[in-house]
Each structure stands twice: as structure tokens, then as C-alpha cells.
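Visitor: Pasting in a structure now, in C-alpha cells, and then I'll have a few things to ask.
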């Protein structure tokens, strides 16, 4: 298993023919963030590998998740009558979130600046983005948390899925059209949330208890923005892009079945995880919300990474992800009735399996593509180059 190769020879051949194609029409991105990133990228030395920038940004997102997990393990820290997270925590999280967002926008520019773009860089970037979804959403949840002024853990679970499906929708588009249409919601949400973190440090979480408008609470605004962005912006634009490709006869998959295959595993993951929540004898989501979110988000990231590999290599997306098998077995056992502590053990075990499996998948895929393209993923130096030269390789 240690040396298992996830990328097939057919996919490797597909990567050799791959050309990056993306469309960004977001005014915030085009007229504000890109000029800002063009300035920031000049600060980085030309020897710094773009993948290292990408990975650094991801680590900041993970750090924010772990920091809030320490100060708000059960999402009650922002509720009335509970000990709140220190103000400095919100400032740190807000600053690091914006830095991570900036690094995510700069890495591609660094690649073009150093003439080091390869398919591995795009896969590495988007693969980490797919895992960042759960870290980002769960960290944001701590602003409101549970309680009378907050959002229930089940509602947050549903909101997490709105974000996850919004993310995979972009890669479903590219799987069918060959073009990555960058979603508007990403830039808006990152800038807004970074600002809200800082505001929370200034005004305190108590400020979010008050109604935003009439009896419309800030938590309701939070929920409405996520759902509204998905239903009114992301989904319509994705369907429009798909329809345009259909009219222009440029779709890569002609049958409805083949076009919809990328949704099979995410939908089954949603069905199985929801069934677990609804049939749980110990109300597992109430007991271990953060762990349950992480388990779902990790499985989703693995599913999405496999889709990204397929759409970049122009190969068929697998119908089902193997991680769904142990999840199905756990849900089956839970439905038969188990003690509370046994169900918790099952969740911890499944989460560990998913995490290790996904890390193994990522490491092996990066190693395969690095060997295939003859590059070092975190260096601009070619494997066979002289250590003392300034030669740049395709390190992204």
C-alpha cells in the first residue's frame, strides 16, 4: 500500500496534454484582488517554489481550525453565559485567514513569474482547497456557535454541504466543459469573513446577539448569505456555463449519465452521513460536531481530488469512492443499535482512517506526478540540476 500508484498510465498521458483554462469574471477579483496580488507577489524571492506558497496558506487555515478547536471545542464559546474566546484569538484568525487567502491568490502568479507552471501545481492548489472547505466553514461557525443566539449543529452541517457542493460544482463544470469558471462567492466570502473576525474582536461576540433588522438575527444573515450565494449566484452561473457549452457543442461528455457521474459519490456521502446523524442512538452530531464535520470534509476532499485528477487528465471520473464502503458499514452497524461509547469509537476510527487514507493519496499522487514531470514539488531546482546553479525547473 505504501507504494500504491493512484494515477494510472492513461491519466499520466492525459496530464502531458493538459492546458490550463480558467475564466474569472468576479469584479472584486479582477479590479481589487488581482492588482493587490500582482503587487504582493513581487515581495517573494524568485527562488521560492509556488507549491511552497500554496502549502503555507493551507497550513494557516489548518492552524486557525486548531486554534478555534482549543478555545471553542464544542461551539459554545460564543453563546450567552459561556466563557468567550479571547479577543486576540479573533484578530489572529482574521489576519491569518486573509494571509492564507492572499497566498492562494499569489501562488499561481509566482508560478508564471518564475516560468514554473505545471499541472501538478494546479492539482496541488485545488486539492488543498477542497480540504480547506471544511476548515474554513467550521472555523467561521465559532463566531455564532450554538445556543439561543447561534446556529444548531445540524443547520451548520447542512450549510457545510452547501459550501461543499458549491466547490465541487466548479470542477464538475470543468469536467464537462474543459474550462474552470472561478466562483464569485469565494473571493467575497474570504474578504468578508476576514473582516468579520476583526470586527468580532472589537465589538465582542455579544454584538451578534442583537437583531440585524427587525427580528432578523445576524445568524440568520449568515445562513441566508451562504444559501443565497449558492442558489442565486453559484448554481445559476454553473448551469448557464454548462448550457452554453452544450449549445456550442463543446461538452466533453455527451450522455447525461457521464456528465453527472462526478456527483454520485458526493451525493452518496451526503446520504450516508445524514442517515448516520438521523439514526444515531447517541445523537453523534451533538456530542462530536467538530469531529463529524471533519470526517465528512475529509472524505469529500478525497472524492473531489479524484475528480480533479480526472478532469485534468481527460479521463472518466470513478463512479464511487472506496471510502464510502467503511462509512456504509459504520452506518449499518449504528442502525443495528450500539452503545454511545461504541458509536464514538467508530467515529474516531473512521475519521482516522479517512485522514490517513487522504494524506496517503495526496502524498502518492504528488510523488507520481513529480517523478513523471521530473521535478521537485517544493523547489524550483530540477532533480538532475547542479545544486550550485540558478536553474529553474517546472516546480509548480
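Placed from the backbone N, Cα and C atoms, the Cβ positions cover glycine too.
In TrEMBL, annotation is done automatically, which means it is predicted and not curated.
OK, TrEMBL features for this one:
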| type | residues | note |
| --- | --- | --- |
| TRANSMEM | 47-68 | transmembrane segment |
| TRANSMEM | 88-106 | transmembrane segment |
| TRANSMEM | 127-144 | transmembrane segment |
| TRANSMEM | 150-170 | transmembrane segment |
| TRANSMEM | 221-243 | transmembrane segment |
| TRANSMEM | 255-279 | transmembrane segment |
| TRANSMEM | 291-310 | transmembrane segment |
| TRANSMEM | 322-339 | transmembrane segment |
| TRANSMEM | 345-363 | transmembrane segment |
Visitor: Where else in the chain does the transmembrane segment (47-68) make close Cβ contacts, counting only residues six or more beyond its ends and a cut-off under 8 Å?
Guide: 85, 89, 92-93, 96-97, 99-104, 106-108, 110-111, 114, 116-117, 120-121, 124-125, 128, 131-132, 135-136, 138-139, 142, 376-380, 390, 395-396
Visitor: Decide whether the stretches the transmembrane segment (291-310) and the transmembrane segment (345-363) have at least 3 CB pairs under 8 angstroms, with pairs required to be 6 or more apart in sequence.
Guide: yes
Visitor: If I count Cβ-Cβ pairs under 8 A between the transmembrane segment (322-339) and each of 127-144, 255-279, 345-363, which range comes out on top?
Guide: 255-279
Visitor: So if I exclude everything within five residues of the ends of the transmembrane segment (345-363), which remaining residues of that chain have a CB under 8 angstroms from its CBs? That is, six or more out.
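Guide: Cβ under 8 Å, 6 or more out: 1, 4, 6, 127, 131, 284, 288, 291-292, 294-295, 298-299, 301-302, 305, 323, 326-327, 330, 333-334, 338.
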